[in-house]
Amino acid sequence: MLGLCGQRLPAAWVLLLLPFLPLLLLAAPAPHRASYKPVIVVHGLFDSSYSFRHLLEYINETHPGTVVTVLDLFDGRESLRPLWEQVQGFREAVVPIMAKAPQGVHLICYSQGGLVCRALLSVMDDHNVDSFISLSSPQMGQYGDTDYLKWLFPTSMRSNLYRICYSPWGQEFSICNYWHDPHHDDLYLNASSFLALINGERDHPNATVWRKNFLRVGHLVLIGGPDDGVITPWQSSFFGFYDANETVLEMEEQLVYLRDSFGLKTLLARGAIVRCPMAGISHTAWHSNRTLYETCIEPWLS
C-alpha cells in the first residue's frame, strides 16, 4: 500500500496545483523578442517623407516592431533653406525621440540630409546615435552640373557658380552651403558658412566641442556608388574629393582626415567607419533598392 500511495503522490500534487495554473502562467517569463533601437530618417533635397515608403517597408519586414520616424520637415522647395536653419529644425524634432530611447537611436540620412545629420551630431553634446548611416551624401561637398543646379541657377555652370555660391546671397541656399569648388579653395574656406565649419577646415570657437560631440557616434556607415549620377565626385559620399587638378583624393588623403579635424581619423582607428560602395544604383534609387538595404543598411540597425 505504501508503494501504491507513493506512486499516486505526484498526481495528487498536480490536482492541488491546477487552480493556481493561470497565475503560474502569468508569472512565467515571456518569450524573448528582439528590441530594436528607434530609427530616424532625414530626407534630401526636394524630398519628402513619402519618398521613403519602401525603406519603411523593408525595416518593418526585417525588424518588426522598430519605431521608425521619417521626419517631415523642410520638404520640397523648403529644402533649399540654409542648412543651419534646417539643422535647428531637425534638432528640435530629434531631441524628444532620443530622450525616449535611452538605449540609443539610429540615423539614416539621405543626400543633403546626410550633411544635416552630420551637423546635428556635431552640435548636440547629448546625442545617443549608435549608427549614423550616410546614404549617398556629398559629405566632402558637391562640384557638378546637376539638373537641380540648372533649375536653380540656369545661367551658371559649375566653373563659375562660385561667383554666386561664395557670396552672402548665395549662402542663403542650401546647395551653396556645400558647394566645393576645388579651383577656388581660398574662397570656399572664407565664404562657406556650413561645410567648411563642420569639416573643421576653418577655425571657429566651437571646433573642439563639435569634434568631441561627433565622436560620440557608434558607427559611421558611408554608402554611395559610381553610377549615382548626382553626387560629384561620387567619392564625396566616402569623404573623397577633387584636388585642384580634379583628381579624386580618397578620404585618407584629405587634409581633414590627416589633421583629424572633426574626428574621421579617430573613428577609423577604432573601427567605427564602414564603407559600403555599390555600383548600378542611381541617386534617386538608393532608399528603395532592396539589395542595398540588405547589404549596407539592415546589418547596422541593431
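Here the Cβ of each residue, glycine as well, is placed from N, Cα and C on the backbone.
Noted in Swiss-Prot for the protein shown:
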SIGNAL    1-27  signal peptide
CARBOHYD  ASN60  N-linked glycosylation site
DISULFID  CYS109-CYS117  disulfide bond
ACT_SITE  SER111  active site, nucleophile
DISULFID  CYS165-CYS176  disulfide bond
CARBOHYD  ASN190  N-linked glycosylation site
CARBOHYD  ASN206  N-linked glycosylation site
ACT_SITE  ASP228  active site
CARBOHYD  ASN245  N-linked glycosylation site
DISULFID  CYS276-CYS296  disulfide bond
ACT_SITE  HIS283  active site
CARBOHYD  ASN289  N-linked glycosylation site
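Ranking the glycosylation sites ASN60, ASN190, ASN206, ASN245, ASN289 by how many other Cβ atoms lie within 10 angstroms of each Cβ puts ASN245 at the bottom. Recorded residues CYS117 (disulfide bond) and the residue listed as 'active site, nucleophile' have their alpha carbons 10 Å apart, per Cα-Cα distance. Among the recorded positions CYS165, ASP228, ASN289, CYS296, not one has its Cα within 10 Å of the Cα of SER111 (active site, nucleophile). ASN60 (N-linked glycosylation site) sits 15 Å from ASN289 (N-linked glycosylation site), taking the C-alpha atoms as the reference points. In this view, CYS109 (disulfide bond) is surrounded by 26 other Cβ atoms within 10 Å of its Cβ, with every protein chain counted. When the disulfide-bonded residues CYS117, CYS165, CYS176, CYS296 are compared by the number of other C-beta atoms lying within 10 angstroms of their own C-beta, CYS296 comes out lowest. DSSP assigns ASN190 (N-linked glycosylation site) to a helical segment in the three-state reduction. ASP228 (active site) sits 22 Å from ASN245 (N-linked glycosylation site), taking the CA atoms of both as reference points. Within the set of recorded positions CYS109, CYS176, ASN190, CYS276, HIS283, the entry lying nearest in space to ASN289 (N-linked glycosylation site) is HIS283 (CA atoms). Rounded to the nearest whole angstrom, the C-alpha distance between HIS283 (active site) and CYS176 (disulfide bond) is 19.
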